[in-house]
Amino acid sequence: MAHHQTGTKNSTSKNPRTPEASKTSKAIRPTAVKGKTAPADPTAASTGNTRERTHISTSITTEGEMTANVLLEALGTTLAPELLVEALTHRSFSHEHPGAKNYERLEFLGDAVLELVSTETLYAAHPDMTEGQLAKMRAKAVSEESLSHIAREKLHVGPYILLGNGEAEQHGAEKSSILCDIVESLIGATFIQHGIDEARKVVHHLVDDTLAEVATEGPALDWKTSLTVKAHDMGLGEPYYRMSVSGPEYAQVFTAKAMLEGSDEVIGIGKGSSKRKAQLAAAEAGWKALDNRH
C-alpha cells in the first residue's frame, strides 16, 4: 500500500493560515466529511491543552504540517492528514460538530492490533511461561497506565488532541483514559494506511520497552488477582467491587470501590473510562492499603 507523506505541500490561498490560529497551536484541523458541510461556526474547534480557536479546513496548514511531522516522527510512521486528524479527534468534538469523525473506530482496531503484536512478542520472548503468566504481562503492558505514559513521554500527544469545549475545559488532553485511547487509534490508523507489517513496527517502537519491563514486575501484573491473594493470606474476606458511573454519555467515568466480604470498609477507590479499568485501579489501591497494614 502506498505511503502517504503528511504535509509536503505549502498551503496556498485555498487553505490560508488564519489570524485565529495561534502560532503556538498545533494547528491540526478536523477534516470536513465528504458530502457534509462543516459546522456553522467555523471557529469552533479547540485543540488539546489550549483554548485557541482554529478554522475547520480539509487539510493541515503549513504550520500544522511542521508540528504534525514532529508527532509522526515520534510515532515512527507517516499518515495521511485526514486519517491523522480522525485519529486525534475525541468524541466530544464530534458530538459538538456532527459529521466530524472521531477516533473510536480506529481505537477499536488499534486495540486489536496492539494485543496481537504484544501477544506474539511475549510468546516468543518467554517460551517457559504459562498462558496465565503471559496474559498478566500483556494486560499490564497494554494497560491505561502504560499506554498513557507512552502518550505523554514518547509521543507528547496531548496538545494535538481535538476536544469539544466542555472536555477541553476539563483538561481532557491530560486524562490518562483519553491518552490511552489516542495511542490505540494511532496504531489503528497506521494499520489502515500501511497494513500489519508497518503497524507491527509502530507497536514495537512504542511498547517494546514496556514489554521488557513487565517481566520483572510482581503484583502489578494483575492487581485484582494480587488483591485476592493478599486478602486470603491475611485471613480477610473475598474482594468485590461496587460500581458507579458519572458524566455525559460521550465522556463517562466509572468509579469502583474495592471492598471485602464481611466488612463495609472501602479499601480502595479507582476511576477509569471502563468498568475494567476502574476495578483494576481500585484493586491496586486496595492491595497497597492492605500491604501497608503489615
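Cβ coordinates are placed from backbone N, Cα and C, and glycine is handled just like the others.
Here is what TrEMBL says about this protein:
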ACT_SITE  Asp111  active site
ACT_SITE  Glu184  active site
BINDING   Glu107, Asp181, Glu184  Mg(2+) binding site
COMPBIAS  1-25  compositional bias 'Polar residues'
DOMAIN    82-195  domain 'RNase III'
DOMAIN    222-292  domain 'DRBM'
REGION    1-62  region 'Disordered'
Rounded distance in angstrom between the Cα atoms of Asp111 (active site) and Glu184 (active site): 5
Residues of the domain 'RNase III' (82-195) by DSSP state, where helix covers H, G and I: 87 helix, 3 strand, 24 coil
Chain-mates of Glu107, Asp181, Glu184 with C-beta within 8 Å of site centroid, Mg(2+): Tyr103, Glu104, Leu106, Phe108, Gly110, Asp111, Cys180, Ile182, Val183, Ser185, Gly188
Between Glu184 (active site) and Glu107 (Mg(2+) binding site), the C-alpha gap once rounded to whole angstrom: 5
Glu107 (Mg(2+) binding site), number of other Cβ atoms within 10 Å: 21
Spatial neighbours, same chain, of Asp181 (Mg(2+) binding site) - Cβ under 8 Å, 6+ residues apart: Tyr103, Glu104, Glu107, Ser273
